[in-house]
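K.L.:
Below is a structure I'd like to ask you about.
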Amino acid sequence: MAKKELKDVSVSGKKVLVRVDFNVPMKNGTVTNDNRITAALPTIQYLIENGAKVILFSHLGKVKVEEDLKKLDMQPVADVLAQKLNKTVKFVPTFEGSELEEAINSMANGEVILFQNTRFADIIDGNGQICLDDKGQAAAKRESKNNPELGKYWASLGDVFVNDAFGTAHRAHASNVGIASNIAESCLGFLVEKEVKMLSQGVDQPAKPFVAILGGAKVSDKIDVIENLLNKADKILIGGGMAYTFAVAKGDKVGKSLLENDKIEVAKNFLAKGKDKIILPIDNIEAPEFADVEGKITPDANIDDGYMGLDIGPKTVELFTKELQDAKTVVWNGPMGVFEFENYNKGTKAVCAAIANLTDAFTLIGGGDSAAAAIQLGYKDKFTYISTGGGASLEYMEGKVLPGIAAVQDK
Ligand code: AMP
């Protein structure tokens, strides 16, 4: 059943708790990339315009040691948000207690507050004390272990809960599942609504032919994705470091390439099950070491002794491009090679170009490194959608239920 959306809910005059994803990169107390803040603006602006009392909160990094309480303070995020909204954003430097409650209770319609990093509750216990284990590591874990009292408490602060944090939707935390399970009304924010719509179109209702492209470092990270997509896709093109475990399963030589010995059997089973659905590289670019040095094109799938495969070769690019030609749906997760190296980004770039050339296809990148690669290589606007959540979109592709979304009310 479809989840309730922001426009299904009346927000005027209500205290609206909004879980945003403000987990932005920071350096010395400064936000170094504000994309995630920008991405949350449509939901925030809609709520302001519709007279809600807008109570924002997010995690920022992982709060593991006491020092993180200084490093991962949300104040700089509130400052950036205020600039972007051109409006006062009241920052509340705590995530529970009377200061927060009073700030919320004195809000006028259309006002915005941001409260402190929700993961401070991982190191601060219910008595306001810092709680560490014998190694000096955060031990309260109230946010990340979905402490029931904390979820209930946060839910008690508002009338409506809006989940607009896709990046943490695959986690059951107090600030998403905990609140959604304890509040009268909940819905998805615009950002999460779009993510769900796009991933569902790509993975659950793909127009055929459906071609999936999987790459990246490890087979072990993608086993569940392959399993799920084998039932849905017409073709699965495999590149990147993970292709070498498949190559060994097929009987090819891989030299010093990335190899997961304990996943060779899994790869064999996939090849047997997938038959001609799974397409592997037929040539590679190999190097004697893991470095950005000029490589050598192999004549076939085999890698020479003493070498490692760092990118797919030109014949593979041609093959993959041909396989993509008639696709109506393309879902991609994981680069085709070590795209961070100038000498080994050609395969990833060529796949980007092949997808960009499809004029009549729904094309989706599932977050993480492939999204970074496509953006870095200049193909940001060439896909129907680039997911903002690495882990969350991977779990969606695995066919898993995302708890942060499941907990929100149905329409
Ligand atoms: P993932 O996070 O699993 O999508 O993996 C992305 C990482 O895989 C990137 O940092 C790539 O550099 C790396 N990668 C891709 N192809 C290879 C390869 N042939 N050998 C080693 N690492 C690779």
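All residue numbers here begin at 1 and follow the chain in the order shown.
Yeah, the Cβs are placed from backbone N, Cα and C, and that goes for glycine too.
Just so you know, TrEMBL annotations are computer predictions that nobody has curated.
What TrEMBL records for D21, F22, N23, R36, H59, L60, G61, K62, R119, R171 is substrate binding site. Look at TrEMBL and you will find R36, R119, R171 tagged as (2R)-3-phosphoglycerate binding site. Residues or ranges marked as ATP binding site in TrEMBL: K222, G309, E340, G367, G368, D369, S370.
Tell me about the setting of these features in this model.
P.N.:
Cβ contacts within 10 Å of G61 (substrate binding site), excluding its own Cβ and spanning all protein chains shown: 14.
R119 (substrate binding site) has a Cβ environment of 27 other Cβ atoms inside 10 Å.
D369 (ATP binding site) falls within a helical segment according to DSSP. Same-chain residues at least 6 positions away in sequence with a Cβ under 8 Å from that of D369 (ATP binding site) are, in sequence order, G216, G334, P335, F339, G390.
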K.L.:
Can you tell me whether DSSP puts G309 (ATP binding site) in helix, strand or coil?
P.N.:
strand
K.L.:
For the ATP site made of K222, G309, E340, G367, G368, D369, S370, how many Å separate the two farthest Cα atoms?
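P.N.:
This binding site's residues have a maximal Cα-Cα distance of 24 Å.
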K.L.:
Looking only at G309, G367, G368, the binding-site residues on record, which one has the least crowded Cβ, with the fewest other Cβ atoms within 10 Å?
P.N.:
G368
K.L.:
State the Cα to Cα distance, in Å, between E340 (ATP binding site) and R171 ((2R)-3-phosphoglycerate binding site), rounded to an integer.
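P.N.:
Given the Cα positions, E340 (ATP binding site) is 29 Å from R171 ((2R)-3-phosphoglycerate binding site).
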K.L.:
Within 10 Å of R171 ((2R)-3-phosphoglycerate binding site) (Cα-Cα), which of the binding-site residues N23, R119, K222, G368?
P.N.:
none
K.L.:
Please state whether DSSP places H59 (substrate binding site) in a helix, a strand or coil.
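P.N.:
Coil, per DSSP.
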